[in-house]
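Here TrEMBL flags 18-463 as domain 'Major facilitator superfamily (MFS) profile'. Summarising the annotation, TrEMBL assigns transmembrane segment to 53-75, 82-103, 109-131, 143-160, 166-184, 205-223, 235-254, 275-296, 302-324, 336-355, 361-387, 432-455 (among others).
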Amino acid sequence: MTASEAPAAPRTRLGALVQFALLAGPLLSMLDSSIVNVAVSPIAAELDAPIATVQWAVSGYLLALGIGLAATSYLARRFGTLPVYLTSVAAFTAASLLCALAPTAELLVAARVLQGLAGAPMVPLAMSMLLGSGGGARSMSPVAGIMLFLGPALGPSLGGVLIGVWGWRAIFLINIPIGVAAAISTRRIPRSLAPSRQPGTRFDIVGWLLLAAGLATLLFGAGNSETGGWNTPETWLSVIAGFALLGGYAAWAWRSAHPIVDLTLVTRLPAVLSLVLCAFASVVTYAAIFLLPVFMQTAQGYSALAAGAALLPQGVLTGLSLAFGPKLLTRLSVRMTVALGFALLTAASVALLAIDLATPLWVTSLVLACRAASIGLVISPLLAVMLRGVDDARLADANTLFSIWQRIAGSIGIAVIVTLFTQSAITSGPVAALHDAATALIALSGIALVGALFLPRGRYQALAAA
C-alpha cells in the first residue's frame with residue numbers, strides 16, 4: 001500500500017448540535033454577503049437616504065470581510081480556534097441586531113462593517129474544525145457543502161422573500177435567534193477539534209496591512225462592478241490596486257519568518273492546481289445560481305419565493321453528491337474522479353442553453369439539480385489534494401487561504417459573468433444574455449476538465465472514510 005493510499009485516521013462523529021454550531025454561523029455570514037443587495041432600494045426609501053450612501057452597506061461589509069479574513073489565522077493561533085469562533089458568532093449576532101435597529105443609513109453602514117469584521121473568521125475556522133473531525137480523510141460533510149456552494153446564492157432570493165413579507169429589517173433580525181442558538185451550541189463542540197492556542201505567536205503587522213488592504217480593495221472593486229460596471233475608475237483602479245497589494249503580500253510572505261497567512265501550504269503543484277480548479281468550480285456553480293433567480297424573476301415573471309424554491313433541489317443534490325460521490329468512485333484515481341465531475345458539470349451546463357422565457361420552473365430547477373450532482377465529485381477530492389500532509393495545527397492557515405482564494409476567484413469571476421449578462425441583456429434581450437453567460441460557463445468548465453487531467457494519478461481511499 002502506498003503512502004497516498006494509507007488508511008485515514010479515525011473520523012470524529014459529530015452530533016447534530018455540534019454540526020449546527022459549526023455551520024449556522026458561516027451560513028449566516030455567507031448569506032449576508034449577498035442578501036443586502038436586494039434591500040438597497042427599500043432601505044434607502046425608509047431611511048430617506050441616497051442610494052449611493054446605502055450602497056456602502058454592501059461595500060462596507062466586503063471591505064471589512066477582507067480585513068477580518070487577513071487576521072483570521074493569527075487570531076486562531078494566538079487565542080485558539082474555538083474561542084475565536086465563538087467570539088465571532090456572538091459579535092456577528094450582536095452586529096445583526098444593530099443593523100436591524102439602525103435609525104439612519106450611516107449607522108447601518110457602521111453596523112455592517114462590524115458584521116463583516118465579525119463574520120470573516122467563521123467560514124475558515126468552522127471548516128478547520130469540520131475537516132479536523134475527519135481525521136486523515138479531510139473530506140467535507142454534505143451539509144458543509146450545501147453551506148459553501150448554495151448559501152451565497154440563496155441570499156438574494158431569501159432576501160426578496162423576507163423583504164416582501166416583513167420588510168428589510170427582517171433580513172437582519174432572522175440572524176439573531178439562529179446566531180444565539182449557534183453560540184450556545186458551541187459548548188458541545190469537542191475541544192479535540194480545535195488546535196491549542198500558541199500564546200507566543202507574533203503578529204505580522206506589515207503582512208496584515210498588505211493582505212487586508214489588498215483583499216478589501218479587490219473585493220470592493222469586484223462588488224462595485226456588478227452595479228457600476230467595469231468602466232468606472234473606482235472599479236478597475238480598485239481591482240488593479242488590490243492585485244498589486246496582494247502581490248506585495250506574496251513577496252513579503254515568502255521572506256517573513258512568521259507570515260500572517262502561510263503561503264508555503266501551496267508550494268506543491270497539485271495543491272496549486274486544486275486551488276485553481278476549486279476556483280473554476282466556484283465560479284461555474286455560483287454564477288448560474290446567482291443569475292437564474294434574476295432571470296426567473298425579471299424575465300419569466302416568477303416571484304422571489306418561487307425562484308428561491310427552484311434552488312432547493314440543487315441544495316439537496318449538492319449534499320448527496322458530497323456524501324456519496326467519492327464513496328462510489330473509490331476505485332478511480334483523483335484525476336479521473338475530478339475529470340468525471342467536470343465532464344458532468346460541462347454537460348449539465350449545456351442544458352442552460354435550452355432555457356427561454358417559456359421554460360417551466362421545474363425544468364430550470366432540474367437543470368440546476370443536475371449541475372449540482374457533479375459538485376461532490378469535484379470538491380471533496382480537490383480538498384483532499386490541497387490539504388494532504390497538512391496537520392491540524394495548520395488547518396486554520398490552510399482554510400483561511402482557501403477562503404481568501406474562494407472569495408477572490410468567486411467575486412471576480414461572478415462579476416465578469418454578471419457584467420456579460422447585463423450588457424448582453426441590454427443589446428440582445430434576457431434570453432440571449434442567459435445563453436451568452438451559459439456559453440462562458442461551459443467554456444470555463446471545459447477548461448477545468450482539461451486541467452483535471454494533470455491532477456495526481458493516485459487514489460485517496462480516505463475520501464471514502466465514513
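Residue 1 is the first one shown; counting continues down the chain.
Every residue gets a Cβ built from N, Cα and C, even glycine.
Small disclaimer: the values here were computed from a predicted structure and weren't measured.
Across all of the domain 'Major facilitator superfamily (MFS) profile' (18-463), the predicted model scores a mean pLDDT of 82. Counting same-chain residues at least six beyond the ends of the transmembrane segment (166-184), those with a Cβ under 8 angstroms from any Cβ of the stretch are 20-21, 24-25, 28, 32, 35-36, 39, 42-43, 46, 86, 89-90, 92-93, 96-97, 99-101, 158-159. Non-local neighbours of the transmembrane segment (109-131) in the same chain are 14, 22-23, 25-26, 28-30, 32, 36, 53-54, 56-58, 60-69, 71-73, 75-76, 81-82, 84-85, 88-89, 91-92, 94-96, 98-99, 102, 138-141, 144, 148, 189, 193-194, 383, 387, 395-396, 398-400, 402-403; each lies 6+ residues outside the stretch with a CB under 8 Å from one of its CB atoms.
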